[in-house]
Amino acid sequence: MDHLAHHYHAHIAELNRRVAEIVSREALSGLVIHSGQPHRMFLDDINYPFKANPHFKAWLPVLDNPNCWLVVNGRDKPQLIFYRPVDFWHKVSDVPEMFWTEHFEIKLLTKADKVAELLPSDITNWAYLGEHLDVAEVLGFTSRNPDSVMSYLHFHRTTKTEYELECMRRANQIAVQGHLAAKNAFYNGASEFEIQQQYLSAVGQGENEVPYGNIIALNQNAAILHYTALEHQNPARRLSFLIDAGASYFGYASDITRTYAFEKNRFDELITAMNKAQLELIDMMRPGVRYPDLHLATHGKVAQMLLDFELATGDAQGLVDQGITSAFFPHGLGHMLGLQVHDVGGFSFDERGTHIPAPEAHPFLRCTRILAPNQVLTMEPGLYIIDTLLNELKQDSRGQQINWRTVDELRPFGGIRIEDNVIVHQDRNENMTRELGLA
């Protein structure tokens, strides 16, 4: 933890620098950042799992306590208004005593509706950052999530501090242990539900603590891109396993995917080819490279796989130009990663929020940035047998280029995705996922 504490000092200094710059530019007194409030289920007395405002958890790892506030201006010591009610029904968060607390002036809030007593006396020139605009209005904030401030913060959030990079390494390290446990469970005959339990046990995190709903897909379920159902019964025949699952560390996410074949067969060879292509694409990452160019290069590699494995005929570029590869690889190559799984800033050209749109032929690409040092991105090429997309090819002449017999043979396996989390450095790439032990 000492190593992390050392980096945290510089992290807070950088966040203060960013705040000082943007509040000066916008003639604001400062920012008031709300952790959030509980959300009550309709007609019930149970709350949905609480998720802290990412702008709040960028400053400190308070992840599970609603009704907290940060008051920052970039000059004075940041103030943390920490919610600690008198409550005999629920567990009350302890007053924090960790390495980061020395960087904050901490005030305790016992009643959420009394926060005005602890906020600046005149907040008309302070900007509110958070989800609950109705609360901000009642409190008297006239500036609520101003576009200029949000765009500035989102643009700079793509450049990670050393503290953030270390948190993300640890999030990867934790997730790798879960992936190894899940792989072992698959080969030992576990169901999707049982694999999920093995994964969560290995990472030591509950379903509401991991950064997103795990995808645990056996056989044809792997063709459903965001499959989060968990079948309790095993399929009649075990063919394949796709797992897309991450872990959290101090609010930072990992996002890792692997695909396995139960037996050595053609599908297993296709996984090997995809793994090779993915590593080649990662080798192409460097500062100055346009991420959309990497995405287009992925389509070239997918096209070659379609030819090599006799899924399609023609030439590779023609398969890309006609949109045939998009039927087999319909999603983007990857995205920014950080406090959020699909982290902000992926389309920002500058700190004013100028938008870089995805290519017209690839609308699902989640990042269009030019790569720069200390950015963290996922690299997740895939190839799937998705009937709804392939059926569109049957409607025109493109269907004549598809070897439907091979498609039928591979359909029961669902699909393939391989995803690593990569830090772009000035002179190299750091593939956290591989370097921390997941082949």
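Including glycine, each Cβ sits where the backbone N, Cα and C put it.
Of the residues Glu207, Glu209, Glu380, Swiss-Prot places Glu380 in the same Mn(2+) 1 site as Asp255, His335, Glu419. For the Mn(2+) 2 site, Swiss-Prot records Asp255, Glu419, and the single candidate of Asp244, Asp268, Asp396 listed with them is Asp244. Other residues of the chain with a Cβ within 8 Å of the Cβ centroid of Asp244, Asp255, Glu419, the Mn(2+) 2 site, are Ile215, Ala245, Gly246, Ile256, Thr257, Thr378, Glu380, Arg417. According to its DSSP assignment, Asp244 (Mn(2+) 2 binding site) is in a strand.
For the binding-site residues Asp255, Glu419, the largest tally of other C-beta atoms within 10 A is found at Asp255. Between the CA atoms of Asp244 (Mn(2+) 2 binding site) and His335 (Mn(2+) 1 binding site) there is a gap of 14 Å, rounded to the nearest whole number. In this structure, Glu380 is the one among the binding-site residues Asp244, Glu380 with the smallest number of other Cβ atoms inside 10 Å of its Cβ.
Secondary structure at Glu380 (Mn(2+) 1 binding site), as computed by DSSP, is coil.
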